[in-house]
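As recorded in TrEMBL:
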type	residues	note
TRANSMEM	111-131	transmembrane segment
TRANSMEM	152-174	transmembrane segment
TRANSMEM	253-273	transmembrane segment
TRANSMEM	293-317	transmembrane segment
TRANSMEM	337-359	transmembrane segment
TRANSMEM	371-391	transmembrane segment
TRANSMEM	397-418	transmembrane segment
TRANSMEM	439-457	transmembrane segment
TRANSMEM	469-487	transmembrane segment
TRANSMEM	508-530	transmembrane segment
TRANSMEM	550-567	transmembrane segment
Amino acid sequence: MAAMAMAMAGMMNGERAVVLLFITRVLFSLPFSLLSHGVALSLLALSALSLDILADSSTSLSQFSTRPGASSGILLGAVTLPAVFISKMIQLSRAVSLHQAAIEELESLTMQYWAASASCLCVLIFLCITIRRSSANMPPPSRSIWHAKFSLSCMVLHTAVCCVTLGTFSLTSFDTALKLLWMLCHGLAAVKLIQHVLRTFPSCASIGEACLVTSGLVLYFGDMLAYTIEKVSGFFMKSDVVRYGSKRSEISIIIQGLLLGLLLFPMAFKFVLRMWEFSLSTARSEVRTNNEIWRSVIFFSSLGFIMIVIIPSWMQLVQDFHMHPLLWVLSFIFSEPFKRLSLCAYWICVIFVSVLRFYNISKNSKIERILLRKYYHLMAVSMFVPALIFQPEFLDLSFGAALAVFLALEIIRVWRIWPLGQSVDKFMNAFTDHRDSDLLIVSHFSLLLGCALPIWISSGYNDRPLAPFSGILSLGIGDTMASVVGYKYGVLRWSKTGKKTIEGTAAGITSVLAACSVLLPLLASTGYILTEHWCSLLLAVTVSGMLEAYTAQLDNAFIPLVFYSLLCL
């Protein structure tokens, strides 16, 4: 065992060490009531760690064309989302003990934790089977066999803990069986989706990034499906399978409908397009030109029908809007017209000036592309911080609208929809870097989601006022200062092969702490009750800063979630 421990320590790189430190911090904050959930998280982390080491030391997963220059990221991708939910459960358990939140909210969050955990676990099982199959024709090293067996043992134990925990808190064995079936459906859907993502979008993501995206999407779709079934039949509430009975806001329903509608739209458009092309001949050039026009007409008419008719119909089914959701949005904006329209005008001016300025610089300057893009992080700070303090609900809705616009433009760019497709592609390529592929440009999505997700997750009870700012602070300030200082003044590197410097990391950590020292008094002056402890804040900032220094993954996606989880403890 000592030899194995030494061998394990020799395979521990910086990213894995920081992730394990993050998980350890979460586990040490668990109350006794969430002990079994912590055991499951630790087993998931150990299984992912073993597979991460196994994947990076072999070519077993080379059949998947992952993003060049990135490690597998299996450990970080598998534990991030469950850790976010368990941190939120720790926060909500404090509220339940103080009678500031209903027990139903904690039960709903618990089921979402198990669903996220099951999704990541099934992805790990799929990866383990893939590695086993790829090495079937050659004798694997004894160390690889040990890693595979250890990972599989942790998966079995995790499944056992899940079954026992769900059985303990269920009223009947029938409810337990239905809950386990619900978890299994999430897991199978995640496996199917990650295969689709890795094969449809080659060289666009690492395995860890794909795991985070697929488990998040499956959880979001599952939440939509459960809420719809509950509203239609009441089955889920009666059987006590999933307690999705907590009150939803109209804004959250609108955002969910918009995003899921746009994510499902390409499949519907592809089906309609195939049916249309099947009935036409494209032999002559003039016919091809007309086809492009008709293709565009079909695209925009289908998109309009889904966004104006189908998605609002679902919104009205699950939520009592008493009017068309579009009219509800207009009435919401004009309920405080001066504040919200002024904020919109301010955003438009900032975006117009910044995009015009940086687009011209990107075409005529030799400045590093990734350094140039950090100015957009600063732009995000100037746009989102005032809105989050004074108009948080309007910012929630605005994030959803912005993400919907980004999704629509990316679909237009990928499909080359006339007349905007080529123009959008040319414009977006001016801001790409090595992490973007020719097929899919993801960096602007990750920046927007990195700022929006902590705000969306913080809806409801929140006794940590800095938690919603975690994306803005870590990306807009910390990541920007780390890149700028590291690029201009960095000398001491964290590793021989990496570009991240100690000076840059120190600047990022210091800048976030300085921003927090300014932000906390400002929040106190606007009525927030401050409960942040500086020791916990220092640890959260340091861990997220070290993760930015060591990770080879898309840091815009992971760092805000890790920082948010640590701030909730």
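Note: Cβ is positioned from N, Cα and C throughout, glycine not excepted.
These figures come from a predicted structure and were not determined experimentally.
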Discussion item. Please report, as numbers and ranges, the same-chain residues at least 6 past the borders of the transmembrane segment (469-487) whose CB is under 8 Å from any CB of it.
Written reply: 368, 370-371, 374-375, 377-378, 380-381, 384-385, 388, 447, 450-455, 499-501, 503-505, 507-512, 515-516, 519, 541, 544-545, 548-549, 555-556, 559-560, 563-564, 567
Discussion item. With Cβ-Cβ distances below 8 Å as the criterion, list the same-chain residues six or more beyond the ends of the transmembrane segment (152-174) that contact it, or say none.
Written reply: 36-37, 39-40, 43-44, 46-47, 50, 107, 110, 114, 117-118, 121, 124-125, 128, 180, 183, 239-240
Response to the item:
Here the stretch out of 111-131, 293-317, 371-391, 550-567 with the most C-beta pairs under 8 Å to the transmembrane segment (397-418) is 293-317
Worksheet item: So which residues does the transmembrane segment (111-131) touch in its own chain, when a touch means Cβ under 8 Å and the partner is 6 or more beyond its ends?
Response: 37, 40-41, 44, 47-48, 51, 54-55, 58, 60-61, 63, 74, 77-79, 81-82, 85-86, 89, 148, 151-152, 155, 158-159, 162, 165-166, 179, 182-184, 186-191, 194-195, 207, 211, 214-215, 218-219, 222-223, 242-244
